[in-house]
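Visitor: The following feature annotations were taken from TrEMBL:
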type	residues	note
TRANSMEM	A:48-68	transmembrane segment
DOMAIN	A:53-467	domain 'Oligosaccharyl transferase STT3 N-terminal'
TRANSMEM	A:118-138	transmembrane segment
TRANSMEM	A:150-170	transmembrane segment
TRANSMEM	A:182-200	transmembrane segment
TRANSMEM	A:212-238	transmembrane segment
TRANSMEM	A:244-267	transmembrane segment
TRANSMEM	A:279-301	transmembrane segment
TRANSMEM	A:313-333	transmembrane segment
TRANSMEM	A:345-369	transmembrane segment
TRANSMEM	A:410-430	transmembrane segment
TRANSMEM	A:437-454	transmembrane segment
REGION	A:494-559	region 'Disordered'
COMPBIAS	A:519-530	compositional bias 'Basic and acidic residues'
COMPBIAS	A:539-559	compositional bias 'Basic and acidic residues'
TRANSMEM	A:568-592	transmembrane segment
COMPBIAS	A:809-820	compositional bias 'Basic residues'
REGION	A:809-839	region 'Disordered'
COMPBIAS	A:821-831	compositional bias 'Low complexity'
């Protein structure tokens, strides 16, 4: 029993005070604050022990980060998730099959038919290259893992890396100023990041997406920046540029870094914190980083040209760069000139400098203003003006992750961290260092960006974790310290028992003694499920014990301590005990929430759906059924049209050419498909035929109640289509402003292709045509298709595939032969359909 | 239509063929004086695979003793011939036993019109004047030709079967009858070669008397066969032996419905592929059952396949290249394991699907040590799916790393060669014996053996490698910690 107690104790105390020089064993008896007069050898032993323990905890955090993301594999299967990951998977397959050179030159003719897409030049290659090299390495070691397996597990592996990077980053900022809280805060932040739901949502096993790798790169770049800032080492500055390069390779979010760091540099200069270390941290990053970034084909000269970078590179990065150099020069000259001469030189330089700067600024503004969007891309414009996208670009607005988040989504994604962040900010201000000012800036900007787009919640998550880590660590530090200071006083009184000690303190030990057991019972009752918490609790309990021991045996030392210790933040004993308890409950709540989010909310691969009923689990595997059907039973060069959501999946799983896909780079092309879907059969057939389409795929959830189907997305098709082709007008599809598909729906709606393809023969299933998503009977039940024929419908009708009928020779006179609609509805055989193509 | 005219043409040239056969007759049978007293051919067409039982009562009326007799096949038949087994009946009545006889193809340039001869070696040479009864079973694949070649979803599937009303034989047949059994009594048409009779699901040609050698009279039977024509176009079986106690099997299938191609619309409501669906009711917030009125499907689509796996099978998986296929049932008992699988979608004529079935087996059930110290694997050849034709079967037996001299003992001719497979942490690679065979039918599910030499010390190679690499890592780390690589002059304290 003694041994584990001992270990835990050392974790709490040993790691928090790395330079503390205590003996390992005697510290059971002598756990007082750092005593510099102790022997150095024992201190290093203790430090080594603390280091090993720290490494061990970090390993556990890595394991936690990895394994909490495996719910998707356990509950479902080892499979690639959703939409974008399928594209990344396909690119990785290509890379592993054809090699890196073919990858850079890959022109993909399977998508955006007939335009195609230059994959090598339009994709962020970081993720693909990472997974590709992992696969290559494993296969060279004769570990025959499939590309799919590697891709599935890339995200969890990088989450573990990100947790470790968070540890480094959080440990780094305060280390320059006060080293005591560094490791503790680092470990706490790493543990928080390992299971923050926001990041889990993008990095569960199978979610093979850029963000999974990019968050690691982001944190690591920040860490190296801080490290350079603290050390002023060119080595770290170079590493920082390389890490920034990796980030640029991985994700478009690199602009965040190149915006944030100049802002921080500017902040430092403005607040008079300029130092040579700042210069070394910034100048190599800008020069090397930008050079490297422009090597990435997808970025290229964008690294200096577009306004996303104008904000950073020219307006800020460059300007900051110039300012930095001016400041550096000023400091340098200040050093070598006499004050008088300096004043003269200053006025000269300032006048010339202002003239030059204003000229450059004027040119820049002219350049930026000459471009139509003022050099901003739509997505970043919507960053500045959150309502921009919904007003002007339906294609951006139609993506749910580009919407501003709601308050519940903050609670869902960062949970209790939202409450801890302010405390962390406060902690960072006492005292403010270069590093902690950076973290403050980071959280401030990321809070803003996350408020604009749900997707950027991901950038907020690490910042929130760091802040909360610092807050929690500081809080524990303050509370335990105040307990530690006050407990000995109590015990001083209790053994001596004499009347000279005051009554008030004599009451306190009993209170504390009551407190600790109740704490224990409460916490055990509430937080049984979380292991981590139990550990904490144990730690706390034994801390109480050891404090008592300490109190008993170190009576003489105690008297010194309140004197030489910094007297700040000594709280009342009961208050701190209760506060610790509350913090633990908060932590436990966070853990429970994260596990729930990982298991229930974010693990569904979305290509396989399940539902529970009284007699077990039902699997809806219709998407893969349809894609497998397309793959095996259509010609390899056939073109499949569907709404762009399913483009990536169709190319990856069915290996068929698609018209549009999730890389929404060509609005007109998407609008064409949208128009076809919103048109009546014949014009739709003409549009599709002109695009060489052979099959049309629609997703229909009406039979089983799958709500994100094409009918529910249909208004976006109308809007996007109408944005380019004005004859498609949204009001034509709405009855009194309401979108409906029942008997009150507009004729345009009931005759459009999407309606027909979704509800064709639907009435035969239950006789009424009851749509379970919309909760109504459909408006037009019995109709036939003249230009399309159904070739496949999946088991639950979730995917329906139609083939374009080849044009028939028109025989005059035959078109007049019409059959009575009442009788035709009952005839199931397709012969009749064929005989009268012009119904 | 084209096929019909061709068959008509074939009928027209029959007399010509007969004439030419007659000319050839002399020197073929001049070597042996054998005649078939009575012959009976029963053709079973109830499944997609044609099985033919041939009973010949042979008499040697010449002087020299005859060690073997010949069975003839037309060129198309020999192309589709999957297996030919012959046996002879010994004993009388109740003590009747079938003794298998060895069969080997004969390269006979003298056979007319490319007829392929197989010789059946008799147990004891047939003496002058003696008779013996030989029973042969042969299986023909791809010999049922769908006509019409395209059908819609609700139409029945009709097929042609082409054969001869008389038995093709290098000997004179005194009396012969051919019976053709169809799955149902629904026969569209059949060629009449008098006497021909049809009753129920059976069509009888004959009896014919005293037909000359190689006489041939083509017949076509056009009948309904709604069996799913499951054909595995390619099956690659990987059998990986681990001496740590596991036998891992991976079967990669490329399945095709080889019946009449599906044409026109597809409809779930006609398909009758299931009688109810589980639906998730958004409003009721729980799944509910939705029953439909389906019309019974007539078409030959298939939804489920049954694979017979060995007993004590474990860790079974069924997936394809885009993930797990969630529709399968495994029933295990002590005798056998049955895996019922559904492809992702029901297969209609001409549709294809690929999938992989993998499972593990306890090694002690299949790996034995022979008397001379060699180890041998005893495993079943062929495809575990029942009633399935495999066009191209490749069996790869992956022996453990370090095994040598593999030899295979397969009861029928197969192509074989060796290759190297590299699996988890292999250095020299695993010797892999590859057996290839075309046209495999369920009758090929027959055990085969692979013998090899193996030294058990190789089992420890990979664990030792891992242990030593971890050890080396720590040694390297210790060395790194203790060596100061900096250029600076060492300071007085080591950090």
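Glycine is no exception: its Cβ is also placed from the backbone N, Cα and C atoms.
Annotations in TrEMBL come from automatic prediction, not curation.
Map the listed features onto the structure and describe their local environment.
Guide: With a cut-off of 8 Å between Cβ atoms, the residues of this chain six or more beyond the transmembrane segment (A:118-138) that come close are 88, 91-92, 94-96, 100, 103-108, 145, 147, 150-151, 154, 158, 208-210, 212-214, 217, 246-252, 296-298, 663, 665.
Cβ atoms under 8 Å from those of the transmembrane segment (A:182-200) belong to residues 15-16, 18, 50, 54, 57-58, 61-62, 64-65, 68-69, 159-160, 162-164, 166-172, 174-175, 215, 412-415, 417, 457-458, 460-462, 464-466, 468-470, 472-474, 476-477, 532, 590-591, 593-595, 597-598, 601-602 of the same chain, restricted to positions at least 6 beyond its ends.
Using a Cβ-Cβ cut-off under 8 Å and counting only residues 6 or more beyond its ends in the same chain, the transmembrane segment (A:212-238) has close neighbours at 126-127, 130, 154-155, 158-159, 161-162, 165-166, 168-169, 172-173, 175-176, 199, 202-203, 244, 246-247, 250-251, 253-254, 256-257, 261, 275-278, 280-281, 284-285, 288, 434-435, 438, 442, 458-459, 461-462.
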Visitor: Could you tell me whether the transmembrane segment (A:244-267) and the transmembrane segment (A:279-301) have 3+ CB pairs under 8 A, leaving out pairs under 6 positions apart?
Guide: yes
Visitor: In the same chain, which residue numbers or ranges, 6 or more beyond the ends of the transmembrane segment (A:244-267), come under 8 angstroms Cβ to Cβ?
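Guide: Long-range Cβ neighbours of the transmembrane segment (A:244-267): 124-127, 129-130, 210-211, 213-214, 217-218, 221-222, 225, 278, 281-282, 285-286, 289, 292-293, 295-296, 299, 303, 308-309, 311-313, 316-317, 320-321, 323-324, 380, 437-438, 441-442, 445-446, 449, 456, 459.
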Visitor: Quick test of the contact rule: Cβ under 8 Å, at least six residues beyond the ends. What residues does that give for the transmembrane segment (A:437-454)?
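Guide: Residues 173, 222, 225-226, 229, 256, 259-260, 263-264, 267-268, 271, 273, 382-383, 386, 400-405, 409-410, 421, 424-425, 428-429, 460, 463-464, 466-467, 470.
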